[in-house]
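Some features that TrEMBL has for this protein:
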| type | residues | note |
| --- | --- | --- |
| DOMAIN | 1-358 | domain 'Major facilitator superfamily (MFS) profile' |
| TRANSMEM | 38-58 | transmembrane segment |
| TRANSMEM | 70-89 | transmembrane segment |
| TRANSMEM | 155-181 | transmembrane segment |
| TRANSMEM | 193-214 | transmembrane segment |
| TRANSMEM | 221-242 | transmembrane segment |
| TRANSMEM | 269-293 | transmembrane segment |
| TRANSMEM | 305-328 | transmembrane segment |
| TRANSMEM | 334-354 | transmembrane segment |
Amino acid sequence: MVVGRGLCGSSVGMLSTAIPVYQAEMSIPSIRGRLVSLYQWAITWGILLAFWGSYGFRNVEGDASWRIPLGLQAIPAAMLMIWMSFLPYSPRWLVDHYRTSEAHAVLAYLRANGSLTDVLVIEELHEIMMAVKLERDTSMHGYGELVKKPIRRRLIIGIGIQLLQQLTGINIIMYYAPVFFQWLSFTVNDEPFVAQGVVGIVNMLATIPTIIWVDKWGRRPIIILGSALCGLFMILFAVSIATESIDFNRVHLDDVEASKSLSHNLRNLALASIYLFIASFAFSWGVMGWLLPSEIFPMHMRSKANSITAASNWILNFALDFATPFTLCNYPSAIIIVVGGIMVVSAVMLYLIFPETKNRSLEDMELLFTGSLLAFRKPKVIEMGSQYSDRSLSYPKL
C-alpha cells in the first residue's frame with residue numbers, strides 16, 4: 001500500500017509538472033490560458049468522481065468498499081498513457097533539440113491544417129528559433145541558473161504562486177469536508193458525504209467561467225479578485241465557528257459529535273462560507289496556480305523551473321496536511337483566520353508585483369519580467385521592447 005501510494009504520488013507530481021508546460025507550449029497566446037485551464041478542470045472532474053465514487057461504494061461490504069475506488073484510478077491513467085503516445089512533441093522542445101523540420105511540421109499541423117508555407121506558421125517558427133538561439137548564446141542549462149538573474153525573479157514568483165495556492169486553505173476543506181459537515185449537524189444517514197459531493201460539483205462548475213474568459217479578462221483580475229474572496233470567506237467561516245472546537249482525532253466519522261452550541265444562523269453562515277470559498281478558489285487559484293508558472297519561464301529552463309515550482313506545491317501540501325488535524329483540534333478558528341488573512345495580503349502583493357501575461361507569447365516573458373518590480377509599469381516596457389526587437393530581427397539558420 002505504501003509503495004503503491006508512493007509511486008502514484010510521484011507520478012502525479014511528474015504529470016503536474018509536464019502537462020501544463022506541454023499545453024502552454026502547444027498553444028497560441030490568445031488561447032493559452034483557456035487551454036491550460038482545462039488541466040485544472042480535468043482535476044476538478046477527478047475530484048468530483050472520487051467524491052461520488054466513494055459515496056457510491058460506501059455500503060459495499062469488506063475491503064472492496066475502498067479497494068474498488070482506488071483501483072478505478074488506473075483507468076484514466078491508462079487512457080492518458082495511450083493518448084499521449086499519439087500526440088506530437090511541442091514545437092519549442094523540438095527546436096531546442098535541433099529538430100527544426102519536425103517543429104515546422106508540428107506548427108503547420110496545429111496552426112494551418114498542415115500548410116508548411118503559411119505565413120503565420122513561418123513567423124512563429126522563426127520567433128521560436130530566435131528565442132532558442134538567444135538562450136543558447138547567453139545561457140547555461142543547469143539548475144544553478146535558476147537562482148541567477150533574470151530567472152531568479154520568475155522562480156521566486158512561480159514558487160510563490162504555488163505556495164499561495166496551498167495557503168488558500170483549499171485542502172483544509174477538501175480533505176476534512178465530511179468532518180466539518182458532520183460537525184455542522186449533517187448527521188442523518190449519509191448527509192456529510194452528500195454535502196462533500198456537492199463541494200465537488202461546485203468546484204467543477206465554478207472553474208468553467210475562467211476557462212471561457214481567462215484570455216479575455218486576463219490573469220491579474222482573476223487571481224487578485226479570487227485571493228480577496230478566498231480570504232473573505234475563510235475569515236467568515238472562522239468567525240462562524242469561533243466559539244467551537246472539533247476533535248479531529250476521531251477514527252470514525254460517526255464518532256464526531258455535532259456542535260450543540262452553534263445557532264442556526266451560524267451554521268448556515270459556516271455552510272455558505274465553505275461553498276463560496278470553494279467557488280472562489282475554483283475560478284481563480286485552482287486555475288492560476290498551474291497556468292501562471294507554466295508560461296513565465298524561458299524555453300531552456302521551463303521544465304526545470306516548473307519541476308521546482310510544482311515540487312514546492314506538493315511539499316507544502318504534505319506539510320499542511322500533516323499539521324492540519326493538530327491545528328484544527330487546538331486552534332480551529334485561528335488557523336482558518338490566518339490562511340484567510342494570507343489571502344487578503346496576497347491580493348495586494350499580486351496587484352503590485354505580478355504583470356499581466358494575457359496575449360503575450362512565451363518568448364515575450366523575458367521583457368515582461370525585467371526592469372521595474374511594479375506590475376503596472378510592465379505594459380509600456382513590453383511594447384517598447386517589442387518595437388525594438390521587431391526592427392532588429394534576423395532569422396537564424398539552426
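Note: Cβ is positioned from N, Cα and C throughout, glycine not excepted.
Note: TrEMBL annotation is automatic and uncurated.
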Top partner of the transmembrane segment (334-354) among 38-58, 155-181, 193-214, 221-242, 269-293 - counted as Cβ pairs under 8 Å: 221-242
Listed stretch, out of 38-58, 155-181, 193-214, 269-293, 305-328, that has the most CB pairs under 8 angstroms to the transmembrane segment (221-242): 269-293
Listed stretch, out of 38-58, 155-181, 305-328, that has the most CB pairs under 8 angstroms to the transmembrane segment (269-293): 155-181
Other parts of the chain folded back onto the transmembrane segment (155-181), taken as Cβ under 8 Å at six or more residues beyond its ends: 47, 146-147, 191-193, 195-196, 199, 227, 230, 234, 246, 248, 250, 253, 256, 270, 274, 277-278, 281, 285-286, 288-289, 292-293, 296-297, 305-306, 308-310, 312-313, 316-317, 320-321, 324, 328, 335-336, 339-340, 342-343, 346, 353-354, 369
